[in-house]
Amino acid sequence: MRKQEVRTGREAGQGHGTGSPAEQVKALMDLLAGKGSQGSQAPQALDRTPDAPLGPCSNDSRIQRHRKALLSKVGGGPELGGPWHRLASLLLVEGLTDLQLREHDFTQVEATRGGGHPARTVALDRLFLPLSRVSVPPRVSITIGVAGMGKTTLVRHFVRLWAHGQVGKDFSLVLPLTFRDLNTHEKLCADRLICSVFPHVGEPSLAVAVPARALLILDGLDECRTPLDFSNTVACTDPKKEIPVDHLITNIIRGNLFPEVSIWITSRPSASGQIPGGLVDRMTEIRGFNEEEIKVCLEQMFPEDQALLGWMLSQVQADRALYLMCTVPAFCRLTGMALGHLWRSRTGPQDAELWPPRTLCELYSWYFRMALSGEGQEKGKASPRIEQVAHGGRKMVGTLGRLAFHGLLKKKYVFYEQDMKAFGVDLALLQGAPCSCFLQREETLASSVAYCFTHLSLQEFVAAAYYYGASRRAIFDLFTESGVSWPRLGFLTHFRSAAQRAMQAEDGRLDVFLRFLSGLLSPRVNALLAGSLLAQGEHQAYRTQVAELLQGCLRPDAAVCARAINVLHCLHELQHTELARSVEEAMESGALARLTGPAHRAALAYLLQVSDACAQEANLSLSLSQGVLQSLLPQLLYCRKLRLDTNQFQDPVMELLGSVLSGKDCRIQKISLAENQISNKGAKALARSLLVNRSLTSLDLRGNSIGPQGAKALADALKINRTLTSLSLQGNTVRDDGARSMAEALASNRTLSMLHLQKNSIGPMGAQRMADALKQNRSLKELMFSSNSIGDGGAKALAEALKVNQGLESLDLQSNSISDAGVAALMGALCTNQTLLSLSLRENSISPEGAQAIAHALCANSTLKNLDLTANLLHDQGARAIAVAVRENRTLTSLHLQWNFIQAGAAQALGQALQLNRSLTSLDLQENAIGDDGACAVARALKVNTALTALYLQVASIGASGAQVLGEALAVNRTLEILDLRGNAIGVAGAKALANALKVNSSLRRLNLQENSLGMDGAICIATALSGNHRLQHINLQGNHIGDSGARMISEAIKTNAPTCTVEM
């Protein structure tokens, strides 16, 4: 692609000399064209000494003069600090998504929630360098960003840094050019293109330095007057031949002209799709503001008014739609100006129309009011009078509105003097407020003037305001520039025409225009703009009919498209929110399944975009049919977390979801499909999507029927997939064959960290395969293997794996028919394993003999924190052995001994251990008949123990005397937070003892006294005691023979005495 950069001395010398300007330009063009010395017929014109150095010549006086010229052109600008630090690096992207190619910028920001895929970044100073040792520098680079993201700011910043020698040091020549400049020419040759950037190149005293490598910057492709057509453009290699500007640019990008020059193009995403992907070597994207950068941006706008800043930040954070749009820097500044004017306009809460904006149109109405008030004009100018404000608003809309409107229709965003004259714009009005707040003026290199709206959305707002006013008196179709059409009378007729045009525009270019047009009919906007732009109360005649018209646009199509969702945005702007609210209430109540009409589907898709709850997790469980899901597919792409449990989905639905997960636009990170009817065919469809998906990190398929074949398909995908970190196949009957397939995947996969294989009929052979994989795998952190049948053989195999595995942190072997032999093997491994933190052996067949092995391991192991031995056969002998280990162990924090036939003797041993142990924070002894003696032993420990925070003594045969000593312990204990005494028999006496403790205890947060025969008297004691305890957060007094009336009285008393405490009666 690229020729040698080191040329001969004669060739390298072609950048110096004192030849004529024409000869200098010719030499420069030859070098840019890659012809070297042979391409120039007048080398003597740029001759230099043979021993002159090669390379960029950054210290050459002529280069310095060029850098100075660039600095005068780009001027000052933001330094890389505060919110502008984001320009120090760009996101590397792999081509454009369908959303970027087809939808409006606002839709892109809303759908992606202000952020794209997690992507690699490239530093600005490495933007044009190879990404690896084996790659080459990119010739054609494109940087994309929605309108107002800072593309031109980035270019100017890069040019400024290059002129100071801080970036692009291997470029001897940087030629920045904007499409606004190019639009002033009908035809150009390559020679004239360069001269337009370098007017000083023709001066006899200045020659061009050696272009060891040159960079041509083309800023703002979306502003190009004529779309680029790479299919029908004739190739041109003659730099002197004048051709249409779009043909010239096309040939430069193709490499027919300037093949040795690096090309950097900036563009909005949709416009960049004109360039074939095969011609683009590198694509980057400017990221938007994050929350901190939004704050810094607003701080820089209002550095001296902290009250205003605090209020403004609270408004932005409270409105999700406003926050998302503020990730776009230009919109963030516009929002700051509008909210700042609102703040300064408020005189008190009686100003109903001065409350913060709830819609886009309200926000822009405040900006419009700011412009009319003269707040945005230069200091020193007098503010306009009230009558001037009203006249100025209508005159500005009349002056610029038609231009803005027809510019939208033609996708024209830059205007020149001839455009202004064609639409009757008085140029004299553009210099002051309010036009200066909407339109910016820029001189081009061709000595002409270009105008553009300060942000695309302002053009759309002014266009909507123009259309709103014109449609009230127009008799022909306003969308026809010539004005010749079938008669159209009445505002509603013209609104219907606008809605139809917007629905038919596949690229969404009229979406925001229609939102603004709808918003101008809302009561709040009418109150804001009455007198200056709108007539007081005129919206009332049309608002209801417009709402019906918009809802009529929601047809029962196969899929809910972006246009349909925009209708819901329009209804929101109109402040007609009944449809969206009904669907939101149905989602919250679980009644979504009965709302299946096209309007409800569109509203659901809209909520998936804008709802705060859906932003956290879109819960569509128990609510969707295949048809409804199919219609929502385009919108599900952008849900971060998606729950589709218990929807009776079968394999065909998985084909649909697979297509979503395979999409380049897919943003889904977590998806749950639990308790559906998915078989191996559906699992295979999902597996195919995992081969290409790069966003999904968690997949939950529990409670389906994928079987061994489905597990194999998913396992094969895991050998390639590098993003999935959590996979649940619980209850899928994958058996040993499925476990073997998963084990094979784990041998090579290095990203999966959680694998759930509970209830899958896996036996010893499957466990052996998984153990073999664990000997090699270092990434898996959690393995859930409960409710299988691995037996002692499987346990021994896993034990061998634990001796060498240094990654697994949690292992669940509940209900696996493991006896003492298997436990002994596992405990032998624990003596040396240094990574396992949690082990569950509940519901197995561990006897006192196995408990001895456990005790030995606890004495040797220094990493295990959680051990669950619930529902085994430890008895007192086994519990005593473990108690001895607890005395010595310094790392175990949670110990579950529920339902192990433990009695008072073992409880006494555990109590003695707790007096010495300083690490155990949770002890579960429920459903063990430890009685009052056991409770006394535990109570003695609580008086001195400072580590235990949770104690579970449900159904432990504890009576009043046991409660008495526990109460005495609670009176002095300062660490216990949870005490569960459910299902005992402490009675009124026990309640009184605990009540006395509650009066002085300051640590307990949850107390469960359910089913303890407290009676009314005992409950009253507890309720009364809480008047002095304001730290208890939850108490359960159910099942204590209090009666309904007593329960209400006790509940009210507790709420009175402890308002923050939740009561269960």
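Indices start at 1 and increase along the chain as displayed.
Each Cβ is built from the backbone N, Cα and C atoms, and glycine gets one as well.
Remember, it's a predicted structure, so these values are computed and weren't measured experimentally.
If you look up Swiss-Prot, you'll see G145, V146, A147, G148, M149, G150, K151, T152 marked as ATP binding site. Feature annotation from Swiss-Prot assigns compositional bias 'Basic and acidic residues' to 1-10. Per Swiss-Prot, region 'Disordered' is recorded for 1-62. As annotated by Swiss-Prot, repeat 'LRR 1' applies to 617-639. Taken from Swiss-Prot, the feature repeat 'LRR 2' applies to 641-663. Here Swiss-Prot flags 665-688 as repeat 'LRR 3'. As annotated by Swiss-Prot, repeat 'LRR 4' applies to 693-716. Annotation source Swiss-Prot lists repeat 'LRR 6' at 749-772. The repeat 'LRR 9' feature in Swiss-Prot is assigned to 833-856. The annotation repeat 'LRR 10' is assigned in Swiss-Prot to 861-884. Sequence annotations record features per position, and here Swiss-Prot assigns repeat 'LRR 11' to 889-912. Taken from Swiss-Prot, the feature repeat 'LRR 12' applies to 917-940. Residues or ranges marked as repeat 'LRR 14' in Swiss-Prot: 973-996. Annotation comment: Swiss-Prot describes 1001-1029 as repeat 'LRR 15'. Residues or ranges marked as repeat 'LRR 16' in Swiss-Prot: 1031-1052. The annotation motif 'TRAF6-binding' is assigned in Swiss-Prot to 457-460 on the grounds of experimental evidence.
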Message = Sequence gap of 6 or more, Cβ distance under 8 Å: name the residues on the same chain that satisfy this around G150 (ATP binding site), in order along the sequence.
response = L87, I286, P329, A330
Secondary structure content of the motif 'TRAF6-binding' (457-460), with strand meaning DSSP E or B = 4 helix, 0 strand, 0 coil
Task = With an 8 Å cut-off on Cβ-Cβ distance and a minimum sequence separation of at least 6, pull the same-chain contacts of G148 (ATP binding site), or say none.
result = V328, P329, A330, F331, H455, L456, S457
Cβ-Cβ distance under 8 Å to M149 (ATP binding site), same chain, at least six residues away = I286, G288, V328, P329, A330
Request  = Taking the Cβ of K151 (ATP binding site) as the reference point, list residues of the same chain whose Cβ is under 8 angstroms away and which are at least six residues distant in sequence.
outcome  = T143, I144, G145, D219, G220, T266, S267, I286
Ask   = In the repeat 'LRR 14' (973-996), how many residues does DSSP assign to helix, to strand and to coil?
value = 10 helix, 3 strand, 11 coil
Note = Counting only residues outside G145, V146, A147, G148, M149, G150, K151, T152 in the same chain, those with C-beta within 8 angstroms of the ATP site's C-beta centroid are T153, R268, I286, V328, P329, A330
Confidence summary (mean pLDDT) of the repeat 'LRR 4' (693-716) = 97
Task = Using a Cβ cut-off of under 8 Å, list the residues of the same chain at least 6 residues beyond the repeat 'LRR 14' (973-996) that approach it.
result = 926, 942-943, 945-960, 962-964, 966-967, 1002-1015, 1017-1019, 1021-1022, 1024-1025, 1036
Ask   = Since the record lists V146, A147 as binding-site residues, which of them has the fewest other Cβ atoms within 10 Å of its Cβ?
value = A147
Query = Residues with Cβ closer than 8 Å to the Cβ of T152 (ATP binding site), same chain and 6+ apart in sequence?
reply = T178, D219, G220, T266
Query = Would you list the DSSP helix, strand and coil counts for the residues of the repeat 'LRR 12' (917-940)?
reply = 10 helix, 3 strand, 11 coil
Query = Near the repeat 'LRR 9' (833-856), which same-chain residues lie under 8 Å Cβ to Cβ, leaving out any that are not at least 6 residues past its ends?
reply = 786, 802-803, 805-820, 822-824, 826-827, 862-875, 877-879, 881-882, 884-885, 896
Note = DSSP says K151 (ATP binding site), in three-state terms, is helix
Message = Within the repeat 'LRR 4' (693-716), count helix residues (DSSP H, G, I), strand residues (E, B) and coil residues, in that order.
response = 10 helix, 3 strand, 11 coil
